[in-house]
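Feature annotation from TrEMBL assigns active site, proton acceptor to HIS479. Sequence annotations record features per position, and here TrEMBL assigns FAD binding site to LYS84, GLY148, THR177, GLY178, SER179, ASP347, MET353, LEU354, ALA355, HIS356. Taken from TrEMBL, the feature NAD(+) binding site covers GLY214, ALA215, GLY216, TYR217, ILE218, GLY219, LEU220, GLU221, GLU237, GLY306. Residues annotated as disulfide bond in TrEMBL: CYS75-CYS80. Summarising the annotation, TrEMBL assigns domain 'Pyridine nucleotide-disulphide oxidoreductase dimerisation' to 381-490.
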Amino acid sequence: MAMASLARRKAYAVVSSSRSSIFLTSFRGFASGSDQNEVVVIGGGPGGYVAAIKAAQLGLKTTCIEKRGTLGGTCLNVGCIPSKALLHSSHMYHEAKHAFANHGVKFSSVEVDLPAMMAQKDKAVSNLTKGIEGLFKKNKVSYVKGYGKFVSPSEVSVDTLDGGNTVVKGKHIIIATGSDVKSLPGVTIDEKKIVSSTGALALTEIPKRLVVIGAGYIGLEMGSVWGRLGSEVTVVEFASDIVPTMDAEVRKQFQRSLEKQGMKFQLKTKVVGVDTSGDGVKLTLEPAAGGDKTTLETDVVLVSAGRTPFTAGLGLDKIGVETDKVGRILVNERFATNVSGVYAIGDVIPGPMLAHKAEEDGVACVEYIAGKVGHVDYDKVPGVVYTTPEVAYVGKTEEQVKALGVEYRVGKFPFMANSRAKAIDNAEGLVKILAEKETDKILGVHIMAPNAGELIHEAAIALQYDASSEDIARVCHAHPTMSEAVKEAAMATYDKPIHI
């Protein structure tokens, strides 16, 4: 089992702010930042705030520093949560416009109230960030709002948001400052015509044309939001495929589905020029392998070419923390850096740049600090693309299994043969299971379907406990449910399915 290498690490100082930066602020009733802490976390994102709460629950005096002024990091403030709010709202509009009539629900017209849609998104974000502050108070975590940087391996100087400065001391400091948008040469993000995911979440009007640079999770999700609301969406991708981490067979079906929804793709293509002098944006494109240039005009460009670790201004060089060539902090199996007492988790270290991975890092790191044993298996971290349909997966792709030289079986089951999917008239997609031929041990599960992000966790549990496909197949699944497709795919893996 690939359980420990990147998953177990020790941390006593929690520097957390998944995809965000380093900041401190204090609440009434909490210890001041100048007091000695057992754990200090730099960053209040999913990795950081979870690490801070867990440390406090384990009886360790803890302070969390966060620059943004609100907890939750990129994920909660300008990432996972607001994007899912807009995905859901835009999906409701699209369904009302294109699908309700099939269910006997008719009305004369339906329109988008974009300010109201944005207000609902902002309300969700506000409620959740305040909820984390409440959890800090409940668990007695000190909270400092400001930008922190190392003075020494046990001291963090924080320029607070109120204009002051304080020094936070800790026996163990955890860096959890997250990641930032990866820039592209020659493409300047102004959050108006050329936007990052942050700007794409706050557009004040629906663009007639939208070009997305990058066919990963974020680009496809935000492209889906604005495409449903009426934008003509074109995705430009340097690679030959969308979402390269996805199983190839599922990826092909997924791309066809997005194309049927009106999304256009220009793969193996790079952006070599940007002109914003006119009312819109004129992009100059070129084949990735070189060749004749073409132009593409649009109203808004979303730059979604990945993310990069955020460690700017932390003072890592001052205390000697080692990083790799792409800026990720190097840690051991206990999340410890090469500097005694300094740890790192989440997006700033190797591994999937996902909020839930950062949370698991935070818990495991603090458990090591407290003298316990932590565990995160990066080979069993689920990935989800929250489009319609959703795509979720955990474990190996078929291409990865082939590369390992393992003999395997494949079981598939289409949702067209699932009774619940047919009943709700939403039967696009499939479940695909890969299992070792000799032992039937599940190696990977891939789902394209409505709510695939919920269905995948049965598979995640199965992989975590080295279950076989027969183990899933022999579990009674309620009828009628979408989950029955997982059972049938498991049956197809080790034997034969019933309903196809």
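Note that Cβ sites are derived from N, Cα and C of the backbone, with glycine treated the same way.
In this structure, the binding-site residues THR177, SER179 were compared by how many other Cβ atoms lie within 10 Å of their Cβ, and the smallest count belongs to SER179.
Here SER179 (FAD binding site) is compared against the recorded positions CYS75, GLY214, ILE218, GLU237, HIS479, and the shortest C-alpha distance is to CYS75. Comparing GLU237 (NAD(+) binding site) with HIS479 (active site, proton acceptor), their Cα atoms are 41 Å apart once rounded. Per-residue pLDDT, averaged along the domain 'Pyridine nucleotide-disulphide oxidoreductase dimerisation' (381-490), amounts to 98 for this model. Taking the C-alpha atom of ALA355 (FAD binding site) as reference, the shortest distance to any of the recorded positions CYS80, GLY214, HIS479 belongs to CYS80. Within the set of recorded positions CYS80, THR177, MET353, HIS479, the entry lying nearest in space to LEU220 (NAD(+) binding site) is CYS80 (CA atoms).
In this structure the C-alpha atoms belonging to ILE218 (NAD(+) binding site) and LYS84 (FAD binding site) are separated by 11 Å. As a summary of secondary structure, the domain 'Pyridine nucleotide-disulphide oxidoreductase dimerisation' (381-490) carries 40 helix, 33 strand, 37 coil according to DSSP.
Spread of the NAD(+) binding residues is 15 Å (greatest Cα-Cα distance among GLY214, ALA215, GLY216, TYR217, ILE218, GLY219, LEU220, GLU221, GLU237, GLY306). CYS80 (disulfide bond) sits 12 Å from MET353 (FAD binding site), taking the Cα positions as reference. Residues GLY214, ALA215, GLY216, TYR217, ILE218, GLY219, LEU220, GLU221, GLU237, GLY306 make up the record's NAD(+) site, and a Cβ search at 8 Å around their centroid adds VAL212, VAL235, ILE242, VAL243, SER304, ALA305 from the same chain. When the Cα of CYS75 (disulfide bond) is compared against those of the recorded positions GLY214, GLY216, HIS479, the shortest separation belongs to GLY216.
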